């Protein structure tokens, strides 16, 4: 294995080497130092005050001040959005200000805006009340005029009636009596006019009827236009009402009911002349208020525009300042109370940059004492940090969605850059669909600067984040589509003529008359003559199924090989001897042998039944193979491989737990006392070995864990290999669905002479291709490729129980919410 030691290192295969550091910062330099570290963004601070509440920390007052300024900035932002004011796009010309000046300025702006809002609300409420009064005057005046006309006609009817007025005076109608008495100047029927929500009008009328026992007359008319409610400030539909009643007690009841229903009552005089006079006065006041309100709105919008031009800069400044003090709250004072002590993780390559930052902080804060920065030993597991760019970030996110790698664990994202889009393409292979995906990916990539600054929807944001994944998936889909020879399910003679021709020169239908091979095989991919023939499905099924098994065995072997490199990197000889070797033997004795048989059958053109070979390898290992024999010595090889597979199971299960138990006993019986106090050798370097504390080792737990791991691998070798058959199944489903759309939509429509039917068929085919094949099928293939990597590939070597390196960085504040 010495050849592996001479290979160049892979930067992305292992996470960055980390070190645990301590900072001793003088109090006068603390804020500047943390600010510079936030700009660098390569140090993750450890919270040394976990046992303290936020109100018990050192810089709680500064955090409160920043939170209050953030509240004021959100207040300004809400009002700017509500008013629809657009801030100027020109860069801010104002000089930089400190936090105290910003706090004072924000307070002044807030006080000014609150005062303008208060005055505007009062004016708006007055305007709304006057508008309601104007509507009541208009509608109630009409109601009162109609009631007077009704009273006059009723009086004429009573004069002409044959009954005696004095006899029937007690039985006369209340309204007729009140109007008659009111018109003669005596006290009688009174009325209350006002306006109420249209939705409450019916319930309002019923309540009035019950409260007055029917001794009232309710007249109503729609207001005619939406009215801004003085209380809620929303535009609502309202109804103007006039209530006729008699008596002071009824008036008291009606006014209380109006108040409880939120109805606004306005005085309307009976005389038409007074109504017109008041109407003119109200209209004049409304005109004056409109001018005043417009001037107030313009003044407020100018104030908001001036704030909006600086809002983004102020928001970032406050966010940074709050983040600095939140980080300072994670530090502790030393014994002298003159220095702050902080601890955290940083990559080893960043130590020189951090030291430069701390030196600049000391210089700029005019401190007489420098900042001490040194490494410390710790038993904690370091965080995991991979340096990614815009191309590799999406693949790393796919892996991290399963679990963050352990510190210095092999990173599956390195291999997923190729294997993930390739397995997707095996299921999605069609170079016509691949070109469509490629065009979509290129649009996202070419417009990435513009799209990165815009706020996208959830689906578009996901597509934009994985634009390079889509690009590789499209390229591999084109490649696999050329191998399958499918362009929207249609084969083409791209790489030359077919190897097959009609059996007879006079034949017209090659699918029924049969084909014969007349030249060399088709140079690249599937021969187009297979499509449409009677042997198409058996041939393609056999090809894709065997190809899926080959890919699955290859990827699983890659996963087991990575477990070897992991164990070798961490110096874990037990895992190499008692996990890697038996796993390789077991997997390749069974499924590696199946892959070998597939290759031999393809190369020799044998008609052997591989199902029969694999089944009877277990049922009758010594039996005669007959016509299923592919090579000399096959039976003896099968018996040997079967014995190796049987030996590999106890090899995985028993040795490792007992060796760990022996090492643990030796360690605590003085056999390894010479290691105490030395730094050259770590007796606990093996991740699965016994730890230094005696109570940590439990033989039964270790044995059960090893047994579960062994059983899982043995059963998983079968199920995982079968799981790769989804490559064949989804590829077949995609091809057949594409064929159905092509033949039953496009060809069927173009078989008619009608232009309308042809256009309709083309449109339906385009929509079916876009939404079903390009969206749903691609999402299905993506999820299946994801499962193959998470379960079948990564479980062979990947633990995924680490935690991410989250440095204190100002660059990450834009995505954080307060």
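Just so you know, glycine gets a Cβ as well, placed from its N, Cα and C.
Among the ranges 529-546, 619-636, 637-654, the stretch that TrEMBL annotates as transmembrane segment is 637-654. According to TrEMBL, the feature transmembrane segment maps to residues 755-776, out of the candidate ranges 755-776, 777-798. For the ranges 395-412, 449-466, 467-484, 485-502, the feature annotated in TrEMBL as transmembrane segment maps to 467-484.
Counting only same-chain residues 6+ beyond the ends of the transmembrane segment (585-602), those with a CB under 8 A from a CB of the stretch are 546, 549-550, 552-554, 556-557, 560, 608, 610, 613-614, 630-631, 637-638, 641-642, 644-645, 647-649, 651-652, 713-714, 717, 721.
Between the transmembrane segment (422-446) and the transmembrane segment (755-776), the number of CB pairs under 8 angstroms, six or more residues apart, is three or more, so the stretches are in contact. Remote same-chain partners of the transmembrane segment (547-565), defined as residues 6 or more beyond its termini with a Cβ less than 8 Å from a stretch Cβ, comprise 4, 410, 412, 415, 419, 423, 426, 575-576, 579-580, 583-584, 587-588, 591-592, 594-595, 598-599, 717, 720-721, 723-728, 788, 792-798.
Same-chain neighbours of the transmembrane segment (467-484): 390-391, 394-395, 398, 417-418, 420-422, 424-426, 428-435, 437-438, 440-442, 444-445, 448, 494, 524-526, 731, 735, 778, 782, counting only residues six or more beyond its ends whose CB sits under 8 Å from a CB of the stretch.
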